[in-house]
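Trainee: Here TrEMBL flags Glu59 as active site, proton acceptor. What TrEMBL lists as domain '3-deoxy-D-manno-octulosonic-acid transferase N-terminal' is 33-207. Residues or ranges marked as domain 'Glycosyl transferase family 1' in TrEMBL: 311-396. If you look up TrEMBL, you'll see Glu127, Lys205 marked as site 'Transition state stabilizer'. Per TrEMBL, the feature transmembrane segment maps to 6-22.
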Amino acid sequence: MRLFYSFLMYLLTPFILLRLWWKGRKLPAYRMRILERFSLGDLESKPVDVWLHAVSLGEVIASIPLIDAMLEKHWSILVTTMTPTGSERVKARFGDKVAHQYIPYDLPGVLKRFFRQVQPRIGIIMETELWPNLIDQAHAAKVSLVLANARLSERSLKGYMKLRVLFKPVLNQFSAILPQSDDDAKRFITLGARKEIVQVLGNMKFDLQTNTIDSARFNELKSHWGSDRTVVIAASTHDDEETRILSELPRLQKAIPNVILLIAPRHPERFQTVFQLSMHAGFNTGLRSDLDTVSSANEVVVLDCLGELLGLFQISDYAFVGGSLVPVGGHNVLEPIAMNVPVISGNQVHNFKTICQDLKEAEAIQIVSQADELIDSIIQLHQDKEFQRRMVENATAVLESNKGSVLKHLQKVESVMNPAR
């Protein structure tokens, strides 16, 4: 089965490159550093203690506390990502403290060369990146493997089960699989993981660090549109969500006359699209990257910069976390919670099901199904400050009670890490 899979990957490679070129029309970074994806070119690859793979922005953010903890151990670290947004976040957050390159494609020969160059003592793969050749070649190179902060939704399990013959041996090449919840653990075992390598260590997203935010910089930004205005942020939005929210904005403006809407599209290639969408809807719209367009006259500001969400949550009064009114599966609702902002999410959150369930049971989040309900929730919170205060307090309590996963992950990594060379 693996041979057939590898053959198929080689056949698909030209089409994957074509897709990169196509995506590069709107985000040129996709057309850069192509050779890294084949473990070729001007790489600084050299033996490291830790290789950590975080596919994109969300996984990079989740891995930051663990990377910080490993740096305190003075371990050398290579972080690989798949997307430019993940790459930019790694470089912005860590600079030259860690090495970075794009993960090579899932081709046996390419990956054999990668592990020959890097020779990590341990490989840490974040969440659910089950690439058969990547894991097989790491195992062949005698790299201890950990699937960290592991999650597997019911929907994903159904897909993987169709190829269980391929993925069962993949799972059992890990030294440890560390799910976020008991439900995730059961699903990994159902897929074929041995019970003895599965250990629930909680969700590292609860250990979010907020002490690196430059508050003065974001307060200065807020002064451009007016420090006394009510700020609603729609974060990590996807196609169609912005249209729905903008269609309801006049009703929100009627209820809260001084409101300003910040929109942070999830994908950079959509920044200009969303800006034009807001302009065509008739709203005075500014761009975060061009402060000349940001003023007290703005009704909407499109946040077209990366790596700033925590600081922007800090200056917001209410937060909607996107990818949840459309069937994407949601995004990390804990970031605004960490900044003491009341959070509203759509109900399509299968990628964050456990977190959202726990928060909902604790009356710590508002879950809606449509944009009009989102606006109703914001208005309710704005008019009932006691309700808002309780909701924020409940959310903070959930956040605090679930901290500690990073330390547990670090201890597990140390226990399975190969000896120093």
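Heads up, the Cβ atoms here are built off N, Cα and C, so glycines get one too.
What's the neighbourhood like for each of these?
Mentor: In the three-state DSSP classification, Glu59 (active site, proton acceptor) falls within a helix. Sequence-distant contacts (6 or more apart, same chain, Cβ under 8 Å) of Glu59 (active site, proton acceptor) comprise Thr81, Gly86, Met126, Glu127.
The Cβ of Lys205 (site 'Transition state stabilizer') lies under 8 Å from the Cβ of Ile61, Ala62, Asn149, Asn332, Leu334, Ile355, each of these being in the same chain and 6 or more residues away along the sequence. In this structure, Lys205 (site 'Transition state stabilizer') is part of a helix by DSSP.
Cβ atoms under 8 Å from those of the transmembrane segment (6-22) belong to residues 30-31, 34, 105-108, 133 of the same chain, restricted to positions at least 6 beyond its ends.
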Trainee: So how many other Cβ atoms are close to Glu127 (site 'Transition state stabilizer'), meaning within 10 Å of its Cβ?
Mentor: 23
